[in-house]
Every structure is written in structure tokens, then in C-alpha cells.
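Structure record follows, encoded as C-alpha cells.
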Amino acid sequence: MTTGNGDAPVIKNAHSDIDSTNKTLLKSDALYKYVLDTTVLPREPECMRDLRLITDKHQWGFMQSSADEAQLLGMLLKMAGAKRTIEVGVFTGYSLLATALALPEDGKVVAIDPDRESYEIGRPFLEKAGVAHKVDFREGKGLEKLDELLAEEAAAGREAAFDFAFVDADKPNYVKYHEQLLQLVRVGGHIVYDNTLWAGTVALPPDTPLSDLDRRFSVAIRDLNSRLAADPRIDVCQLAIADGITICRRLV
């Protein structure tokens, strides 16, 4: 749950009465623990576990992707046979590490985030896992860096040559990211958006008291969800995993 534009320091104190540290929308803590203990944590690579535990102690650790979400991300990448990928919103790199581990030896992930300091926390784990060579980290705001990437691809004579993209960044810009990524990800490729249920606020009545940040992000996510549902350029599937994940497959 990263912002991608440097909003991280203010988020934790800007939430409404929402438990932003809760990594699941499941109503049963026991059921979520069962999922984690049965099929997720026993298969979590040691390097990912170590990074997750260190990030949990970070003052913004609640922004970290959940272990079951990271497992799903790795599975999607392998099922898609992805080789060239994009990640918008990195934080300490837990989901980035999951991506790098899932990619083939010659795979590459362009990772974009304005917060290099947080990325540096996770970089030693990428190196220890032997996958740092797969990561092309680009410090800066998501929209600007994606525009630069579009220009680079055009200069190299490549059009829509990425296989996969994962977005966990500033929610008000998700709709703009979608248009950029549709130009970067190939037909048949996938774009995955995180936090598409925003702690359940998307289903609350309009007059529900919310903090300014939660209202702004919830409105942005509802707008995204409506647009994705009506977008004829993609297949779309929304899952109630973690804080909501939406998987898009480009059709045209």
C-alpha cells in the first residue's frame, strides 16, 4: 500500500477509524491465519520473510504488501511467463522481491518510486537472493517516469513490449497510470492494481465520516473500478485478497 508520490509520512495519521495495518478483508482472523499458516508462510522464501519482518518494524510498515498478495503476484508472473515487467510503487521492495524471484534469469523489472531511502532497505535482500541484476530502479514520480519509459521504448523501436505491470502507488493517479500502461504492456499482457477496495470504504454510504485522505483515495479507487469495469480494451477480475486486487488482461 504505497503512495508512489511521497505521501507515505502522512498516511498513517490521516486514516479514519480504519485499521490500515490489517492485511486482509476477511472477517475472520482465524480464517486468515489458517490461509497464511497452511499455504503462504510455509512457502515464503527466507529472503522475503526476512524483508517482511524488517519492514513490519518500519514506521510505515503498514504500507507493505501482504504475504498472500506477494504469493499471488509471483504465481501470476509465472503463469503469464512474464519477462519484462513494471512496478509502480516500491516502498522497501517486498513485492519487488517477489517479482524478481518469479522472473526468469534474464528477466527485468523497471521499479519506480520517489523514495530511494525505503528502497535501499530492501536492496540488500535483492542482492542476497541473487536477483538484484533483474531490477532497474528509477527514482521519481510514477507519471513522469512512465512518460520517460514510453519515450525510451519508442526510441528503441519497441511498442507495448512489457508483459506485466503491478501498481501500488498514489491512488488518485491510478486512472492516468492505466492509460500509460496500456501503451507499455503488450496485448495479452497483464496490469495488476493494488488497494482496489481501500479497506472496504468503496462500499460505504457516501455520507460515512472519513478522513480527507480516505475520502480522496476511496473516491479515486471507485472511479478506477468503474472505469476498469467498462473498459473494452481489457478483461478484468477483482479479488478480495489483501486490500483488494484487480487483474486486467489487455485485449487490444
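Here the Cβ of each residue, glycine as well, is placed from N, Cα and C on the backbone.
Here the structure is a predicted model, which means the values were calculated and not measured.
Residues or ranges marked as S-adenosyl-L-methionine binding site by Swiss-Prot: Ser65, Glu87, Gly89, Val90, Ser95, Asp113, Asp170.
What Swiss-Prot records for Asp168, Asp194, Asn195 is divalent metal cation binding site, and it gives sequence analysis as the kind of evidence. Annotation note: Asp194 (divalent metal cation binding site) sits in a strand segment as assigned by DSSP.
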Nearest to Asn195 (divalent metal cation binding site) by C-alpha distance, among the binding-site residues Ser65, Glu87, Gly89, Ser95, Asp113, is Ser65
Quick tally, other C-beta within 10 angstroms, Ser65, Gly89; top of the binding-site residues is Ser65
Students should find that the Cβ of Glu87 (S-adenosyl-L-methionine binding site) has, within 10 Å, a number of other Cβ atoms equal to 27
